[in-house]
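Engineer: Structure below; questions to follow.
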Amino acid sequence: MKEELLKRFTKYVKVDTQSNEESTVCPTTPGQMELANILVTELKEIGMQEVTVDEFGYVMATLPSNSTKEVPVIGFLAHLDTATDLTGKNVQPQVHENYDGKDIILNKDLNVVLSPKQFPELAGYKGKTLITTDGTTLLGADDKAGITEIMVAMNHLINHPEIKHGKIRIAFTPDEEIGRGPERFDVEAFGAKYAYTMDGGPLGELEYESFNAASAKITFKGNSVHPGTAKNKMVNAVKMAMEFDARIPKDEAPEYTEGYEGFYHLISLNGDVEQARSYYIIRDFDHLKFVERKTHIASIAKELEEKYGEGSVELKLNDQYYNMREKIEPVKEIVDIVSAAMRNLDIEPKISPIRGGTDGAQLSYKGLPTPNIFGGGENFHGKFEYVALESMVKATEVIIEVARLFEEKE
């Protein structure tokens, strides 16, 4: 299993599937369709049934039941795209066997070092096989570790018919990182009663609470005048954007929050004197606080527009997804069965809120309750991203055990 996981994973991460927030098509980048087509071929090769990919890059396939029982159809999902935070082009995965617990030099020329001093959790991976970046890209364990684990789990179940299971549906979705994954996902065609995203972090993570999420895009329109004659005439759009940001509580940012604390996050600010643009994301677990945060953003925009003139500030505020806890708690047994599967494999479940989102957040509101299971990765979305091969083995085993337990309990 280890060898197959390593082979598939290192193949998948080399396909550039970074999504693109600015694109209006689906998938937003051609690399996602390239990977989708690779996976379709491989799914057919291992013997999966009803293998399809639609024009939008959604891959679906079926592993038929080998049980005589009436078992609920369950699904496993992962996403094709990688994050926009750092390039996913020319990913060169580095394999470090029997990690010694010390600094890992990712890139000598650029002096990029993955160090337990900066990332203390590395100490827990001593003796493991770590897969890292070369210090110039992200790795893409989010979520190609999940894709790999689903592929290997399905292959294992096909080759081990003595493991009884009900019908299993799998899906690989585009554009999750920009919040569009479930937009064109056909829940009815998927046909599962419950599903799981393999999109979590370290070993044991199990999540059924997510943020409520919104995005805010603000355009500031200034007035560019020659600096020598600018008095009482120039309006600097960049300074307007800075003034906007100054009115947001500084301690309510990602770098100062944890647990159930929400935040405002300035993703980007660019422009010039004439025009500037800011892009924020807004996150909170509590729905009322979430609404308050959006109201605060809107009120700042209104105040600045009143100050600088009509049309000087344009705000586009969009909800992205909601806390899936509300939809999963009524069927909490689907979380409990994963906890049981983990314990059967000597994994201690670590149930915590997702300080982020998954396709499952939106799918749960579309009628498909979808908790999130660990994929094994750490430090997602950056050059220090890595995954332990042993954690990927365990995640694969969890998929298999969950399928077995669903059949056993009927």
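Note that Cβ sites are derived from N, Cα and C of the backbone, with glycine treated the same way.
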Engineer: Asp142, His381 show up in Swiss-Prot as binding Zn(2+) 2; which entry in Glu97, Glu177, Glu183 does that record put in the same site?
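Structural biologist: Swiss-Prot lists Asp142, His381 binding Zn(2+) 2, and from Glu97, Glu177, Glu183 it also lists Glu177.
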Engineer: For the Zn(2+) 1 site that Swiss-Prot describes with Asp142, Asp199, which of these is also annotated: His79, His265, His287?
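Structural biologist: When Swiss-Prot describes the Zn(2+) 1 site, the candidate it includes is His79.
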Engineer: Write out the long-range same-chain contacts of Asp199 (Zn(2+) 1 binding site), meaning residues 6 or more apart in sequence whose Cβ is under 8 Å from its Cβ.
Structural biologist: Leu77, Ala78, His79, Asp142, Asp143, Gly146, Glu176, Thr358, Asp359, Gly360, Asn372, Ile373, Gly375
Engineer: Measuring CB to CB from His381 (Zn(2+) 2 binding site), give everything in the same chain under 8 Å that is also at least six residues away in sequence.
Structural biologist: Ala83, Asp85, Leu86, Leu138, Asp142
Engineer: Taking just the CA atoms, what is the gap between Glu177 (Zn(2+) 2 binding site) and Asp81 (active site) in Å?
Structural biologist: 7
Engineer: Looking only at Cβ atoms, how many others are within 10 Å of the one on Glu176 (active site, proton acceptor)?
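Structural biologist: Glu176 (active site, proton acceptor) is surrounded by 27 other Cβ atoms within 10 Å.
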Engineer: Can you count the other CB atoms that lie within 10 A of the CB of Asp81 (active site)?
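Structural biologist: Asp81 (active site) is surrounded by 30 other Cβ atoms within 10 Å.
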Engineer: What three-state class does DSSP give His381 (Zn(2+) 2 binding site)?
Structural biologist: coil
Engineer: Other residues near the Zn(2+) 1 site, CB within 8 A of the CB centroid of His79, Asp142, Asp199?
Structural biologist: Ala78, Asp143, Gly146, Glu176, Glu177, Thr197, Met198, Thr358, Asp359, Gly375
